[in-house]
Every structure is written in structure tokens, then in C-alpha cells.
Amino acid sequence: MGVQFCADCGNLLPISQTEQAGCECCGSVNQNKLLESVSNSSTNTFPSELRDRRGVVKRAKPAHSADTWSTIDVKCPKCHANKVRYTTLQLRSADEGSTVFYSCSECSER
């Protein structure tokens, strides 16, 4: 349900089921426009800094995409290919080492 304000003093009018709404501050009587008005809104109608930041995070490139992986000359234990890709991620606290992830260029063994 919407809100309406007094035309004389600007005070918030109480919700009324009648055609008139009386102001509790100045005592003037205002026409109740809420009985005839219908408003439609969506989440995009009202700007939100949090929603904007979440949208940026959703569009960010994932840290494990193929172009962030480096290549090293190590044999794959599954297919014995000579090239293996690797990347590192800091999964634990800063005082502990990074976790290294390996992936074979040929068979995608991890």
C-alpha cells in the first residue's frame, strides 16, 4: 500500500478506508488518493548500491579461467603428456601457503 502526505503541512497521512483522510498534525482534510491509485514497481525501480555491487561481482571473470593458468614441464600421471597447466589460489589465511591446482593440457586430469 502506498503513502500520501498532507497538502497543507506535508505530514504523513494515516491509512484510511474512506474517501477522505484527516491530518493528525494540522487537522486539515485531504482527499484519499490511495483508494483509486495503483502503482506497479520492480526491483529496478529503486536504485540500490548493494545490487549494483552484486551485479559487478557476477560479471567478474572467474579466477580459474583458462587464461590465468601457467604452463610447466611436468608429466601428467594419467596420459603422460609433457605439459601441465597450473594456477594458485589463496584458500586459507594469509600466513599459510597458497594452494596449487594442476590440470593436464591434453586430458584435463586434475
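Sequential numbering from 1, following the chain as shown.
Heads up, the Cβ atoms here are built off N, Cα and C, so glycines get one too.
Pulled from TrEMBL, these are the features on record:
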BINDING   CYS6, CYS9, CYS23, CYS26  Zn(2+) 1 binding site
BINDING   CYS76, CYS79, CYS104, CYS107  Zn(2+) 2 binding site
DOMAIN    72-110  domain 'TFIIS-type'
ZN_FING   6-26  zinc finger
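TrEMBL feature annotations superimposed on the structure.
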residue	record	DSSP class
CYS6	Zn(2+) 1 binding site	coil
CYS23	Zn(2+) 1 binding site	coil
CYS76	Zn(2+) 2 binding site	coil
CYS104	Zn(2+) 2 binding site	strand
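The Cβ neighbour count for CYS79 (Zn(2+) 2 binding site), using a 10 Å radius and every protein chain shown, is 12.
Packing around CYS76 (Zn(2+) 2 binding site) is summarised by its Cβ count: 18 other Cβ atoms lie within 10 angstroms of its Cβ, all protein chains included. Take the binding-site residues CYS6, CYS23, CYS104, CYS107: by the count of other Cβ atoms within 10 Å of each Cβ, the lowest one is CYS107. Taking CA atoms as the reference points, CYS9 (Zn(2+) 1 binding site) and CYS104 (Zn(2+) 2 binding site) are 73 Å apart. Per Cα geometry, CYS6 is the residue among the binding-site residues CYS6, CYS23, CYS26 nearest to CYS79 (Zn(2+) 2 binding site). Around CYS26 (Zn(2+) 1 binding site), the same-chain residues at least 6 positions away in sequence with a Cβ under 8 Å from its Cβ are CYS6, ASP8, CYS9, ASN11. A Cα-Cα distance of 75 Å separates CYS107 (Zn(2+) 2 binding site) from CYS23 (Zn(2+) 1 binding site). Other residues of the chain with a Cβ within 8 Å of the Cβ centroid of CYS76, CYS79, CYS104, CYS107, the Zn(2+) 2 site, are PRO77, LYS78, HIS80, ALA81, VAL84, SER105, GLU106, SER108, GLU109. Within 8 A of the CB centroid of the Zn(2+) 1 site residues CYS6, CYS9, CYS23, CYS26, the other residues of that chain are ALA7, ASP8, GLY10, ASN11, LEU13, GLU24, CYS25, GLY27, SER28, ASN30.
Of the recorded residues, CYS104 (Zn(2+) 2 binding site) and CYS23 (Zn(2+) 1 binding site) place their C-alpha atoms 74 Å from one another.
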